[in-house]
Amino acid sequence: MSQSASTPATPITAKIVAEHGLTEAEYAKVLAIMGREPNLVELGIFSVMWSEHCSYKSSKKWLKTLPTTAPWVIQGPGENAGVIDIGDGLTAIFKMESHNHPSYIEPYQGAATGVGGILRDVFTMGARPVANLNALRFGDPSDPRTRHLISGVVAGIGGYGNCVGVPTVGGEVNFHASFNGNNLVNAMTVGVARADRIFYSAAAGIGNSVVYVGSKTGRDGIHGATMASAEFSEDSEEKRPTVQVGDPFTEKLLIEACLELMNTDAIVAIQDMGAAGLTSSCFEMASKGGMGVDLALDRVPMREEGMTPYELMLSESQERMLMVLKPGKEDMARALFEKWELDFAIIGTLTDSGRMVLTWHGEVVGDLPIDPLAAASPEYDRPWEPTPMAAAADLSGAEDTPWSEALLRLIGCPDVASRRWIWEQYDHLVMGNTLQRPGGDAAVIRLDEAPGKGLAMTTDCTPRYVHADPVEGGKQAVAEAWRNLTAVGARPLAITDNMNFGNPEKPRIMGQFVGACQGISEACLALDFPVVSGNVSLYNETNGQAILPTPTIGGVGVLDNVEASVSIALKAAGEAILVAGGFHGSTGAWLGQSLFLREILGREEGAPPPVDLAAERKVGDFVRGLILGASVTACHDLSDGGLLVALAEMAMAGDLGAELTLEGHPDNGRLFGEDQGRYLLTVAEGDRDAVVAAAEAAGVPLRVVGTTGGDALVVNGFVGPSVAALRKVHEEWLPTYMAG
């Protein structure tokens, strides 16, 4: 070991340790592991590898409780992305990941590099990306920063995804004051690969070359992982240098070059450089394979002059990959990457030492054991307290607003208003396989690799539900994803989760995380809908104010006959409208935590609607059978805003009115209640009796509630808003707001 590593040039003071995000106890553990004081390079490596962002030290105890297996799961959590068997020798490979903290500081680049990073996670596994989705949460529209953040984030997502040539096909957007200081940007990519051509990240083969490919390394993103592991304060704007800068054109070249190399037998292991850059990719690959690595940092392609080993190890420059190649394949691989005008450098060798030895022009500048920084990194069992049960919602005044007025207000409120202004900035049709565009329950794409087969995908979470009851909210997020896939006729197969929460050092916040994990686990088990990948983003707080807990669920399902899928749009006049699924209570009206309660009565209170998972599955399986049997002409799950908002969305999508005929007085609870596990269906009048009989035989609640036709919504003879009036209100809020 050289003098530079054993006697640090920079004395490691308590201040420097704190600046690196390590606690006193963690630094004491570093000293015990190293048997000496680390130098600055080594301290920086411990800092990022033990950060919450990389180590999951507060969350992994609970993530281990999630169900991750099923006969169709090929690879669950622990790799770059999850892999599921979709039949015909094909797999779907997918993951969702957050880029929350960078997107608040520098919205365009933060969101753009979030897309770039999740694309790399998927094509690293050997898949060609076929679809992107995003789940976005912004602050109150009245907050002065919200408009700026929406503009930058949407432009960043579109700018990157459009240039790479992968369609952005769906997602969701919510607004709430709790996100004023921490917006959420959760990006999801789905790819398709042959089942016999999947690539993994475990390094193997003593003496094999460790190869760097892609863009050169600059100073952008240094300590990005550490920044994403701390609360924000008033000076967070000063963290702009820690936001990475993306180049989608280079990413496109990198995708094509990697996929071309994957058609040879050259690759032993491959890993993208994401959070913590070269450090994380090296340590993870070596740890998974039980290897050591000798790394010559002076061989790393550099974008800027005078870069130091510390900067090279911690940079989060984008569009970079690390590979282990088979002996003798280096020259062929170099020629391939040079053809694509990408950097290629052999920067290291695999060893059997179990250590990471870093050199700079032949001098050792770092020597660390691998496992304590990766597989054996810290794991905390943080104190947590359950969320108190919410008091019953005050429903006084619920009948004071006529349903027609309430509907117009809800259909134009920020959480329901059309997202057209957003998704029209995304190329959702590139590749030519998008069957259902944004705006429905789930996106549907055809697969070139298997004519007739399709994939459906969705993102879902209702943060206000999770805040009121994390267990029920976690269940509901999974159930709604399952329901949205079912509503287009897909067979739900698996999920990826993106767990966005506040400071886990606070027992109340940690309790939200634990509760959500419990709810997600219950729902996944009941619905045969395992977790195959995911991401955790904690410390989403500013000045001590936490976000609403947001465990976003990305769901993927398969359609063996993609032409059998249905959309939400009403198709023809004279068809029967039916509701599948029952109400929770005898009144048939769950208004606790509903949009109606918040937007019309101005109250956020009560418990969220409970989820009956057995009923959810029974009703969903029945509805899917109807769709695949060609009995259903349109289908929409009932969620935000309940029955009447769902019907209005179907009417606008099909440019056709509808009339509801309900038993008794149609009170606002029945019209806008958010009872779970329900679908709104239309069937041809000639099929109505057969469908009702089939439901009765299956023991599934199903009620005929109306008929399609006309140019307005009518309830029990009372003529409400026209479809044109609904569309005007629905479409105008977001463009008007963004015009400022």
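From the backbone N, Cα and C atoms, a Cβ is placed for every residue, glycine too.
The structure displayed is predicted, hence computed values, not measured ones.
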**OP:** Name the one residue among Ser537, Ser565, Ser567 that Swiss-Prot lists for the same substrate site as Ser98, His99, Asn100, His101, Arg120, Gln244, Glu316, Ser317, Gln318.
**Re:** Ser537
**OP:** Check Swiss-Prot: it lists Tyr56, Lys95, Gly534 as binding ATP. Then name which of Asp140, Asp143, Asp497 it lists for that same site.
**Re:** Asp497
Original post:
Across all chains shown, how many C-beta atoms besides its own are within 10 angstroms of the C-beta of Gln318 (substrate binding site)?
Top reply: 29
Subject >> Neighbours of Glu97 (Mg(2+) 1 binding site) among the recorded positions His53, Arg120, Asp272, Gln318, Asp497 (Cα to Cα, within 10 Å) >> reply: Asp497
Original post:
C-alpha of Gly534 (ATP binding site) to C-alpha of Gln318 (substrate binding site): distance in Å?
Top reply: 20
Subject >> Length of the line joining the Cα atoms of His53 (active site) and Asn535 (Mg(2+) 1 binding site), in Å >> reply: 9
Subject >> Cβ-Cβ distance under 8 Å to Lys95 (ATP binding site), same chain, at least six residues away >> reply: Asn80, Ala81, Gly82, Ile118, Asp121, Val122, Met188, Thr189, Thr496, Ser533, Gly534, Asn535, Gly554
Original post:
How would DSSP class Asn100 (substrate binding site) in three states?
Top reply: helix
**OP:** Determine, to the nearest whole angstrom, how far the Cα atom of Gln318 (substrate binding site) is from the Cα atom of His99 (active site, proton acceptor).
**Re:** 13
**OP:** Determine, using Cα-Cα distances only, which of these binding-site residues is closest to Ser98 (substrate binding site): Tyr56, Asp272, Asp497.
**Re:** Asp497
Subject >> All-chain count of other Cβ atoms within 10 Å of Arg120 (substrate binding site) >> reply: 27
